[in-house]
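Chemist: Quick paste from TrEMBL:
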- A:22-248: domain 'Cytochrome b/b6 N-terminal region profile' (DOMAIN)
- A:55-74: transmembrane segment (TRANSMEM)
- A:120-139: transmembrane segment (TRANSMEM)
- A:151-171: transmembrane segment (TRANSMEM)
- A:217-241: transmembrane segment (TRANSMEM)
- A:262-290: transmembrane segment (TRANSMEM)
- A:337-361: transmembrane segment (TRANSMEM)
- A:381-402: transmembrane segment (TRANSMEM)
- A:417-437: transmembrane segment (TRANSMEM)
Amino acid sequence: MSTAPAAVAAPAKSSGGFTGKAANYLDERTSISGAVKEFGRKIFPDHWSFLLGEVALYSFVVILLSGTFLTFFFDAAMTHTTYEGSYAPMNGVHMSAAMASTLDISFDIRGGLLMRQVHHWAALLFVASIGLHMLRVFFTGAFRKPREINWVIGFVLFILAMAEGFTGYSLPDDLLSGNGLRIIDGMIKSFPLVGTWISFLLFGGEFPGEDIVGRLYSLHIMILPAMVILFIALHLVFLIVHKHTQYPGPGRTEQNVVGFPILPVYAAKAGGFFFIVFGVIMATATFFQINPIWNYGPYDPSPVSAGTQPDWYIGFADGMLRLAPPHLEFVWLDRTWSFGILLPVIILGLFIVTVLIYPFIEAWVTGDKREHHLLDRPRNAPTRTAIGAAGVTFYAVMWAAASSDLIATHFRVTMEGVIHTLQALLFLGPVIAYFVTKRICLGLQKKDREIALHGYETGRIVRLPGGEYIEVHEQVSDYERWELVSYKDQAPIMLRPNAQGKITGSMRLRAAMSRWFFEDRIAPVTQTELDKSHGDDHH
Amino acid sequence: MSRKTSSPAAGKSRRTGRRSPAAAAALIAVGLLFTGGAYAAVSATTANAQPAPAAVSQSNVEEGKKLFQANCATCHGLNAQGSPDGPSLIGVGAASVDFQVGTGRMPMQGHGPQAQKKPVQFTQDQINQLAVYVGSTGPGPSIPDAKYLDADGDAANGAELFRINCAMCHNVAGAGGALTEGKFAPSLVGVTPAHIYEAMITGPQNMPVFNDMNISPEGKRDIITALKYQEKVGNPGGIGLGSLGPVAEGLFIWIFGLGAVVALTVWITAKSN
Amino acid sequence: MAQDANSGKDLAAANSSSHDLVPEDSGTGVVSPDAVKNPGHPEHRKRVTDLDPKKEKQAERTVFVLFFLSAVGSLWAVAAYMMFPIDGQMELVRSNNLFIGLGATLALMALGIGAVHWGKAIMADHESVDERHPVRGTDETRARAIEIFEEANEESGFGRRALIRNSLIGALVVFPLPAVALFRGLAPYDEDPVELLQHTMWKKGTRLARDPSGVPIKASDVTLGSAFHVIPEDLNTAKDVLNEKAKAIVLLMRLKPEDLNELPERKNWSYNGIVAYSKVCTHVGCPVALYEQQTHHLLCPCHQSQFDVANHATVIFGPAARPLPQLPIEVDDEGYLVAQSDFTEPVGPSFWERH
């Protein structure tokens, strides 16, 4: 770091011996002591939910390691070849070199199947852990100032991870992924004006052509991973600049961060955790099969398998396509407008953009320019939590729709019934989730307030000398109480004319949003209330 | 998820004598794992009974007719001519009877989207007699020759035919799939070669007919070979999660993969005793 | 980060040292003067390993055993690599996968759990405190940054010399265009996608053949309730087999003629109840091949669009908008089914220039 003076003396431990000499040698050439001084004892707060981002990072490292192994054997070409490997039901079958080499990795290279499974399971875990990490960040309000940009960076990583996943899923050129590409091709073709040409250029001519696997491979192993690494680096730089958020608790303030130093405790835990995540992935790959391309067979435009689905992270998009009602296509201006595809794409786009810009919306509504380093407990931001629950429900309905056929067979219902139910739930589900969640949050806040003021109910009923029955309450400690009362409260804004004496449309909108957000609020317990309630208890 | 993953966490809480949240999660994970493993093991077992085609003797026809009139005539008519409750069986052939009765689909239990597979109601001898009788009412597909049922054909050809003609309904791994209005294509795992063959030539219920001009008897033999090879080899990569593809894999990683990892994060950040 | 030099203060010292930040607009945030006061850091609780040397020793031993097991696991994986070859036998793939994986799992899990256990139970577990500082630079830094920009602006004349500045911006906007143009080369120059999408291989007299063998089909082969997966007879000798196949695949079905409700202009497109429809879904292009011979419904397994074959393949459910295109067929002198012509409309998913 620039602040480390170059002339700093050799590290303290340079008292001699090999370690000291090596350290000295290194520092004289790299100024590393400055970095150690700067970061060595940097504090990280300890909470399980703060490790979710690490899970994503570590699964990405596992993906890089296993993926590199796979590149040594994989042949990203659609050249026609005849399979002559160990798997009898494919013997003599015409397929692309990509498919044949994937079969060879699976059945003719020792440990190859294991590495393929590690790579694929790690990819699923990668996207899943990003999703869970985003949920944690959202529901605790960690995206608030100064971290809005880091939310955007993280969001871009989520999109990149999905792109990585989809390109990888398509590489073996098997029947499942080929039909996935067929769907992508159909979607692209529906786009007004450019669709036909984009599809034509992407596939190097007509679908399926002989280029797409090689092209996706370039994206999958060069451009996309480079971008993922770049954005991870940015994400982590901002993590260091902002320092980590922390949950509210005794002794924790907006001006400090309480936790363990990087060296040694955090290094041991985080380092160990890398191996644990790797271990979980390895165990999964050891015991559970994933993407058995030998069952699917090589891509051929004629066959298709029942239960053709994308990997889970693309499911929401596939599900949205399934939920579109029929006949949404018309010809206008002598051009085809296929809204059966465009409408789902637009809805998905709006959903994604809303998630992306949510921090800015909330910042605009509250007008809060303070830095926020203490997290909200979800219940203490009822409207945000309810919005989040509505969003999760919306996503979940789309996701469930991607398995409508499997829901139908497994629960012995009709697929038409499943689709119709999910179509209704797409609109009703988020509304229900919103109101239920908001009520639950407010209820929990009220309960917290009760406990902070009067303590826990002990269930012990005592009869007072006057004949009155009371339940004895046990007071909470100051530390426990602090966790219940130390949240930041927001009030709805009053609509007041601006300097010119006018009320603009955007002011009205903001006031309306503010009312929506903060009308129902439970204010934190104040010192006066606390003193008063204690006075009552001691009478 | 695996035993490996969770046991150290569980072991640790035992050692320290305090129940950590990770221990409970790990316990659930291990429990579910064993359940899943046992389920997979059970569902992998297959039954392979081969029917012996009954000789077309007059006595068999007579016996079959008696059985038919006692058990099937209510719906299909006294002379298999059909009734408002059931289709005519004249000309459906012996193969159809062997399939429908041999898999327990007939006699039908009740009206639903389609007849379901259930425990077989007759002995193989009785089924043969029924088949001979129905076969005698009109020309139709007969019970296949054993030489096409030995599952010793060309698996590669069979797999390709299967993908093109069958996989869209029955799934590439034969796991089955959904059809319209509550109907479904059943799983082919554990179905006997004879029943697979008979289904192809008779087209039970909504399944299309694949006559010998469409897929030759040798082709059908190859399909059976490919299916039986798949069953024999099993899942080289481990537990197959029902061969249901990405949906099962996605649910697995969210519930067990991420579940295990979250349980471990709780352990990592819990304060040591 | 320049202000980060005070990392890792002990809790006792930190309790008193929260310093105020620049007061900022709290917006709708309520700042209550009557808020409950932060009680400060709770007391540190010692672990059993801090109190009991025996427990500490035990923890140390556990960590050692775990690290030892990890090494055993790694070696086991190497041994398994050698002891469980595949040698072309499918049955051995599973054990190869399982035993290498088991070793690697043990190696990784034991290593990770050992390190974490070391960190949790043995390393000092005093929590410490870092102070935070506003993310924004200090006023001094910001003033200097502005000054630098102003100096640079002055020295370069970026603000003043509007002509060259604007021409620079213009040049920068245009400069990526060659890269965009280069991408035209992704697809063949002499082909027009709109033209290609209008046609398939089918033409008058092309025999309908079985997929994948290419053996032609006689009308008499197609019995009632049958479904044939069909390709053009000459497909397997075509130049781009898969590209052509992707457009030309057809499903051939025979219904009772009285069940068929045909459009008047398509009366002669079928033969004795035998009809041929494109197998490419008009939604996004999956093969629509799930034929129910009693209901005459065709189902697409990808997005559940349903088509009614008895009713000229109209959409009866799902996201598809258009019926499947029908291939007009007839029978040639030798009794083989042949196409009367190509499809009369583009097959597969809709596209902008389709109409």
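Here the Cβ of each residue, glycine as well, is placed from N, Cα and C on the backbone.
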Chemist: Relative to the transmembrane segment (A:55-74), which of A:120-139, A:151-171, A:262-290 accounts for the most Cβ pairs at distances under 8 Å?
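Modeler: Comparing A:120-139, A:151-171, A:262-290 against the transmembrane segment (A:55-74), the winner is A:120-139.
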Chemist: Mind checking which residues reach the transmembrane segment (A:151-171)? Cβ under 8 Å, same chain, six or more beyond either end.
Modeler: 56, 63, 74, 76, 98, 102, 119-120, 123-124, 126-127, 130-131, 133-134, 137, 143, 177-178, 180-181, 212-213, 216-217, 219-220, 224-225, 227-228, 231-232, 234-235, 238, 291, 310-311, 313-314, 352, 355-356, 358-359
Chemist: When you scan the chain for residues with a C-beta under 8 Å from the transmembrane segment (A:337-361), skipping those not six or more beyond its ends, what do you find?
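Modeler: Result: 138, 143-144, 147-148, 151-152, 155, 159, 186-187, 190-192, 316-317, 320-321, 323-331, 387, 391, 394-395, 398, 513.
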Chemist: Please give the average pLDDT for the domain 'Cytochrome b/b6 N-terminal region profile' (A:22-248) in this predicted model.
Modeler: 95
